[in-house]
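Novice: According to TrEMBL, the protein carries these features:
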ACT_SITE  CYS265  active site, nucleophile
BINDING   CYS139, ALA140, ALA141, PRO142, GLY143, GLY144, LYS145, GLU162, ASP193, ASP211  S-adenosyl-L-methionine binding site
DOMAIN    44-334  domain 'SAM-dependent MTase RsmB/NOP-type'
Amino acid sequence: MLTRLKAKSEGKLAKQICKVVLDHFEKQYSKELGDAWNTVREILTSPSCWQYAVLLNRFNYPFELEKDLHLKGYHTLFQGSLPNYPKSMKCYLSRTPGRIPSERHQIGNLKKYYLLNAASLLPVLALELRDGEKVLDLCAAPGGKSIALLQCACPGYLHCNEYDSLRLKWLRQTLESFIPQPLINVIKVSELDGRKMGDAQPEMFDKVLVDAPCSNDRSWLFSSDSQKASCRISQRRNLPLLQIELLRSAIKALRPGGILVYSTCTLSKAENQDVISEILNSHSNIMPMDIKGIARTCSHDFTFAPTGQECGLLVIPDKGKAWGPMYVAKLKKSWSTGKW
């Protein structure tokens, strides 16, 4: 019975693949990724292969679930491999695809865990948040990275911004579901155009995360409306300009000496390496930070494609490591004045 249901489910998902998007990706990514694209395509078009990591909520710790995950063969991610890994963050993953059910949102009850693509923790860890720091999550919805940041440390102030009003509601609900009331008081949620944040709050933050709007490769592949998908593809060339403008705003909002992390969930070089190259070429006060060490220490859990950058990592989906796509770049603002 279960086999029949699985086959039916896989058949249904296979039918939902948007040919317009797949053809577009085929042309672009076979050039950019070479032979690796064949494996990446196989995983991206097979949701039954996708994996979900389980991030435990330190504010309502699920001891029973943790025991159960151990019994099911789950193992912890990062612990022992990254020197600055925060002990308060616990994330479990399984080598085999599968998904435990999501928890329902209940007012007054904190959720015990958050399901996520494990690669989305890399930008959070790259930020190296410390207790008491002022941090900005510029494009924060649906809230997973904000939740993960709060598993790492207790900031003095966390500003979560989201320009899209529907996604803003989702962000508020996520924060309410995971964060206890006393900590909610150090969190500000705003609905500002991220491109204006730097002018509104200049040099205010120690750390800034820009998890930018991008071509979301996984979800775009399953667009049910091919007309909308074609429209998205034609507008795709405009995304790097928006991403650069968001980064310029983030740089203004960052104090000198502060750290900026940029991330996307696309494989696209134009939205990843090219955006960061443009920022480095046009801002003399922004320096790349070497994060190749993360790739070295995490290669047993993630597959990284070469980016040609010391400051940039690209996680690509692979067999047994179906995480990503996720691009992460780490930059630092120097004390000298830069050109805009």
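Note that Cβ sites are derived from N, Cα and C of the backbone, with glycine treated the same way.
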Novice: How big is the gap, in Å, between the Cα of CYS139 (S-adenosyl-L-methionine binding site) and that of the residue listed as 'active site, nucleophile', rounded to a whole number?
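Specialist: Counting only the Cα atoms, the answer is 13 Å.
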Novice: Determine, to the nearest whole angstrom, how far the Cα atom of LYS145 (S-adenosyl-L-methionine binding site) is from the Cα atom of CYS265 (active site, nucleophile).
Specialist: 13
Novice: Taking the Cβ of GLY143 (S-adenosyl-L-methionine binding site) as centre, how many other Cβ atoms lie within 10 Å?
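Specialist: Counting Cβ neighbours of GLY143 (S-adenosyl-L-methionine binding site) within 10 Å gives 25.
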Novice: If you measure every Cα to Cα pair among CYS139, ALA140, ALA141, PRO142, GLY143, GLY144, LYS145, GLU162, ASP193, ASP211, the residues listed for S-adenosyl-L-methionine, what is the largest value in Å?
Specialist: 20
Novice: Hey, what's the Cβ neighbour count for LYS145 (S-adenosyl-L-methionine binding site) at 10 Å?
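Specialist: For LYS145 (S-adenosyl-L-methionine binding site), the count of other Cβ atoms within 10 Å is 23.
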Novice: Around the C-beta of ASP193 (S-adenosyl-L-methionine binding site), how many further C-beta atoms are within 10 angstroms, looking at every protein chain?
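Specialist: Here the count is 12.
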Novice: Distance check, please: Cα of CYS265 (active site, nucleophile) against Cα of GLY143 (S-adenosyl-L-methionine binding site), rounded to an integer number of angstrom.
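Specialist: About 15 Å separates the two Cα atoms.
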Novice: Please give me the CB contact count at 10 A for CYS139 (S-adenosyl-L-methionine binding site), counting all chains in the structure.
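Specialist: Its Cβ has 23 other Cβ atoms within 10 Å.
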